[in-house]
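One structure is given below, encoded as structure tokens.
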Amino acid sequence: MRVWIVFLLCLAGHAMAAPTEEELIVEEPVTEEPVVEETEVGANPVQIEVGDFDEAIEVVEDEVAENPCLNHHCKKGKVCEVDDSNTPMCVCQDPSTCIAAEAEFEHVCGTDNKTYDTSCHFFATKCTLEGTKKGHKLHLDYIGPCKFIEPCMDNELNEFPLRMRDWLKNVLVTLYERDEDNNLLTEKQKLRVKKIYENEKRLQAGEHSLDLLAHDFEKNYNMYIFPVHWQFGQLDQHPVDGYLTHTELAPLRAPLIPMEHCTTRFFEQCDADSDNYIALEEWATCFGIKEQDVDKDLII
Ligand SMILES: *[C@@H]1O[C@H](CO)[C@@H](O)[C@H](O)[C@H]1NC(C)=O
Ligand SMILES: [Ca+2]
Ligand SMILES: [Ca+2]
């Protein structure tokens, strides 16, 4: 339980510190491929910055006389080089040119259960495997060195949404409390959270037994509908289409796995039809939201 609180504080803290300036945003091209490149994870899951996801962009801006690579962006794992005719192009980065990790938390664990020194090393390695089956299957699994993750038992799996829902509600209330003119929430969102915030029956943030969490969900079900939708909207950004890809889910999933051993199983079973996307309906069902309460308009 404690980890959830610490995680919440981290997220909230990050959200406060998140710069609001608009980064140069270029839409990621829509790819038909179901498996999209991974983005670096570990960034604040609450406020995802669009700039973090610009990996698929290869844009040349106004010609810069000296260095054609100056404004040539490459996706993660690639660096810009010029060819003989001085044309910039993106090539795989040599992992040995990545800056070595200074701390253990910079390590990442791949789905191959190999520890990579940093996410730079991971993406550079993945790039060298591009086009191979192995490369296609390799994803960043979680933040931190690979470790033994206990199997998630059925009863533990059922506890996961109880805590996650409570946590989502508390994240929102915290954002609301601290949101003076930070614009962390839109006006519409603020109105929705205000109702939760001002509800006297709200279960206050803190350590609660699973029984109490389950009881509160039954009693105050309505308070949980918006937080569940809101988190989906935070993640569904690339593109905004009502579906979460593995990549879109990563900012939430990757930091959570080392702390909560049911994370992987939970999100796997969320994808009820196993098409590798978590649709809003699937997401809502996963968190116990009734079908008639799933509302696309709540996300905006
Ligand atoms: C992954 O690697 C860790 C650390 O090396 C090990 O303890 C664990 O058992 C491995 N997990 C799997 C599923 O092989
Ligand atoms: Ca999406
Ligand atoms: Ca699905």
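Using the three backbone atoms N, Cα and C, a Cβ is placed for every residue, glycine included.
Here CYS146 is paired by TrEMBL through a disulfide bond, and of CYS92, CYS98, CYS109, CYS120 its partner is CYS109.
Of the listed cysteines (CYS152, CYS286), only CYS286 is recorded by TrEMBL as the disulfide partner of CYS270.
Between CYS120 and the candidates CYS98, CYS127, TrEMBL records a disulfide bond only with CYS98. In the disulfide annotation of TrEMBL, CYS92 is paired with CYS127 out of the candidates CYS69, CYS74, CYS80, CYS127. Here the disulfide-bonded residues are CYS120, CYS270, and the one whose Cβ sees the fewest other Cβ atoms within 10 Å is CYS270. Counting other C-beta atoms within 10 Å of each candidate's C-beta, the disulfide-bonded residues CYS80, CYS92, CYS127, CYS146 are led by CYS127. Under DSSP, the residues of the domain 'Kazal-like' (91-148) split into helix, strand and coil as follows: 21 helix, 11 strand, 26 coil. If you compare Cα positions, CYS262 (disulfide bond) sits closest to CYS286 out of the disulfide-bonded residues CYS80, CYS92, CYS120, CYS286. Annotated pair CYS146 (disulfide bond) and CYS127 (disulfide bond), C-alpha to C-alpha distance, rounded: 20 Å. Across all of the domain 'Kazal-like' (91-148), the predicted model scores a mean pLDDT of 95.
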